[in-house]
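Peer 1: Before I ask anything, here is the structure I am working with.
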Amino acid sequence: MRPMRIFVNDDRHVMAKHSSVYPTQEELEAVQNMVSHTERALKAVSDWIDEQEKGNSELSEAENMDTPPDDESKEGAGEQKAEHMTRTLRGVMRVGLVAKGLLLKGDLDLELVLLCKEKPTTALLDKVADNLAIQLTTVTEDKYEILQSVDDAAIVIKNTKEPPLSLTIHLTSPVVREEMEKVLAGETLSVNDPPDVLDRQKCLAALASLRHAKWFQARANGLKSCVIVIRVLRDLCTRVPTWGPLRGWPLELLCEKSIGTANRPMGAGEALRRVLECLASGIVMPDGSGIYDPCEKEATDAIGHLDRQQREDITQSAQHALRLAAFGQLHKVLGMDPLPSKMPKKPKNENPVDYTVQIPPSTTYAITPMKRPMEEDGEEKSPSKKKKKIQKKEEKAEPPQAMNALMRLNQLKPGLQYKLISQTGPVHAPIFTMSVEVDGSTFEASGPSKKTAKLHVAVKVLQDMGLPTGAEGRDSSKGEDSAEESDGKPAVVAPPPVVEAVSNPSSVFPSDATTEQGPILTKHGKNPVMELNEKRRGLKYELISETGGSHDKRFVMEVEVDGQKFQGAGSNKKVAKAYAALAALEKLFPDAPLALEANKKKRAPVPVRGGPKFAAKPHNPGFGMGGPMHNEAPPPPNIRGRGRGGNIRGRGRGRGFGGTNHGGGYMNAGAGYGSYGYSSNSATAGYSQFYSNGGHYGNAGGGGSGGGGGSSSYSSYYQGDSYNSPVPPKHAGKKPLHGGQQKPSYSSGYQSHQGQQQPYNQSQYSSYGTPQGKQKGYGHGQGSYSSYSNSYNSPGGGGGSDYSYDSKFNYSGSGGRSGGNSYGSSGSSYNTGSHGGYGAGSGGSSSYQGKQGGYSSQSNYSSPGSSQSYSGPASSYQSSQGGYSRNTEHSMNYQYR
């Protein structure tokens, strides 16, 4: 884990201090030699004493214990263990600084513990010391001086060369502690101690040091930064007398407690600050919590030996040190000069120093382990566990992933500052330009994200330096899709040379670089899985393989199309499926046209898109009005059947919003509901051709269903929800007459363009609807045919539109839905001026008899071209543009649910 940025400077100072106090390699080798020589000599002394004791017993017994047979069974092993337990000297252990790896420069005092079967005595100490001198001469040529310290229950060995090391061997026995516990429990001891037994407290201290070493190796050695911080603080305890009482076991416990309770691994600087915070909080104060000793059965305070003044001094010193660290003066706490802000890069050491383990463990005097070794090839293991273990080994054996250009550059030039120069492009496809200054030269590059732009900059810098960019090792062969993707991106940096797309795209797996470029699309800009599904339904994608660790998964998916199998790989199953589908498309449909092959039914011509957004010709745009319904307009290339009227495709039940007169709704060019089986593919494929009058359908200009438009429009009672079905080709040549340049169109619903053109608003149809000024109501269009209430009886908006579902669907509106269907019994008489309204070219009452029922509407209105008003009492009006909804291509809006 990367260290936190705010502690980077502290980390540098702590590590620099640590390097200065860490022993040199020569010192560590001298310690290693002295310890290993002593261990081997003590092993020889143990053997010698054991032989002497066995010599007093029977020879056969000695043979059984000394030379077990080769085909020794577990029973034999148990005998050997028992024989080991009966030895006078049971083993030698490393303790203190040597065992914990806390040696610093100048630490010359080393410690070992010699475990005895019985309580150690002065006689035993003399015997061991005498024979140790003899055995050392056989083990090594180095000269050692051996001293006996009966008061300390120890033997001291000193070397005669530099550095002058001193090794103390403490004699002790577990029996000492066992007897002490019995005494504390109130038991009486039946065995009397020999008169020359060594000091019990010294023996107990040696046993405690053994427990401390084991605990430290189990808890602190594996804790990141813990050993480093302890070494640095040991140096602080030496330099600052106030900290002296903490040196040793209390300091080790304090550091483990402070660092081990953090919720994440910490760098050396942050870990040191956490220890200072722990001390500054008053943990060692008399009323503080103290430091619990985990190696004692009874609750023991490891700092119980400190007096009140020492505790206060340590706390005050820690608080001062913490303030210095907070103000960036940690170097004063460490007793060193401040480091420059930019450290020179040290050459990489081929043999990095392992700061955790200073001296390798001993194998000389190894006691039979209490735990049996793990059997690697044990047959009792379950096959699944074996398989997982093999997979893990294989994963570890795999070479690490090659570094990308950014990582490589950061290794060569650490601390580079990347700057965002600009961000251009639309919101959905931004282009970021990043720059970096290296050795006085500035490099810039762009990309679809800041991360990619930084990567491109790094590639540029490495290429300028003549160094590998890290991309060469990747798969150089890319499919056409990835090539086109890269073409669509801004070409900023010349990437490494890429081999042209191979002929078999199914074998091409995209590199990681292409997956960062964005979504995987076909050359038609679609999702490959979706496009392949349009061509071949019901395909099944199967997972072939899953490799890599949890952080770097690799999936391979396979799909079978027309008997051929195609594979794709990616960092997740979705990406792998996309590449498999892409490979199939490239191979099987290399030249597939953009238009969908699924909808090949014959469609009638469809008008161009209209409305305020797509006004192709000068006409008054309006929501729901649609564009000019001229049948000569070619159909758009890719019409979808369900849509928000105005756009080519959409979702939602045909809200004819701002729609072109093909409506985009259910009646697209005769392929509306007709293509779904609701009605035939006729021009009036609306709701069962609801007003396609057989007689008047094809009249010139204003004929049949909607004057020149010929397309039926069904408007539901939501705003602009019109369903328009464009006209058949036979009307293509018959342009309805109209006034001005307005191409006739007809309203399909919500007319919100009142300000632009309101040929007849509510006031004009005041006799049929409520006077509503500029009401933008539902279906309010021309003259407020806002009654979306054909299925309700809503006289308010439509002048009493009485709609009854009889066999004939008699729509007898006394206002013709007030402009909505502006024909009605003596009601909506209007003149469309240049273009006659609905119905036959000759006036009179026209009854539209659709296949599903006739709308009997007495629409007395003039023929196209005549500017006379309809026979209506109140609401006759003249409109040169005529048009039932601002353009005179009338779509008769029947709003019934």
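Yeah, the Cβs are placed from backbone N, Cα and C, and that goes for glycine too.
I grabbed these lines from Swiss-Prot:
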type     : residues : note
COMPBIAS : 74-85    : compositional bias 'Basic and acidic residues'
MOD_RES  : Lys100   : N6-acetyllysine
MOD_RES  : Thr188   : phosphothreonine
MOD_RES  : Ser190   : phosphoserine
COMPBIAS : 372-383  : compositional bias 'Basic and acidic residues'
MOD_RES  : Ser382   : phosphoserine
MOD_RES  : Ser384   : phosphoserine
DOMAIN   : 398-467  : domain 'DRBM 1'
MOD_RES  : Lys460   : N6-acetyllysine
COMPBIAS : 472-481  : compositional bias 'Basic and acidic residues'
MOD_RES  : Ser476   : phosphoserine
MOD_RES  : Ser477   : phosphoserine
MOD_RES  : Ser482   : phosphoserine
MOD_RES  : Ser486   : phosphoserine
COMPBIAS : 644-662  : compositional bias 'Gly residues'
MOD_RES  : Ser812   : phosphoserine
COMPBIAS : 813-822  : compositional bias 'Gly residues'
MOD_RES  : Ser818   : phosphoserine
COMPBIAS : 834-844  : compositional bias 'Gly residues'
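Looking at the shown structure, can you explain where the listed features end up?
Peer 2: In the three-state DSSP scheme, Lys100 (N6-acetyllysine) is classed as helix.
According to DSSP, Thr188 (phosphothreonine) is assigned to coil rather than to any helix or strand. Taking Cβ-Cβ distances under 8 Å and a sequence separation of 6 or more, Thr188 (phosphothreonine) has no neighbours in its chain.
There are 22 other CB atoms within 10 A of the CB of Lys460 (N6-acetyllysine), with all protein chains counted. According to DSSP, Lys460 (N6-acetyllysine) sits within a helical segment.
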Peer 1: Measuring Cα to Cα, how many angstrom lie between Lys100 (N6-acetyllysine) and Lys460 (N6-acetyllysine)?
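Peer 2: Approximately 49 Å lies between the Cα of Lys100 (N6-acetyllysine) and that of Lys460 (N6-acetyllysine).
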Peer 1: Run through the domain 'DRBM 1' (398-467) and tell me, per DSSP, how many residues are helix, strand and coil.
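Peer 2: The composition, in the requested order, is 24 helix, 22 strand, 24 coil.
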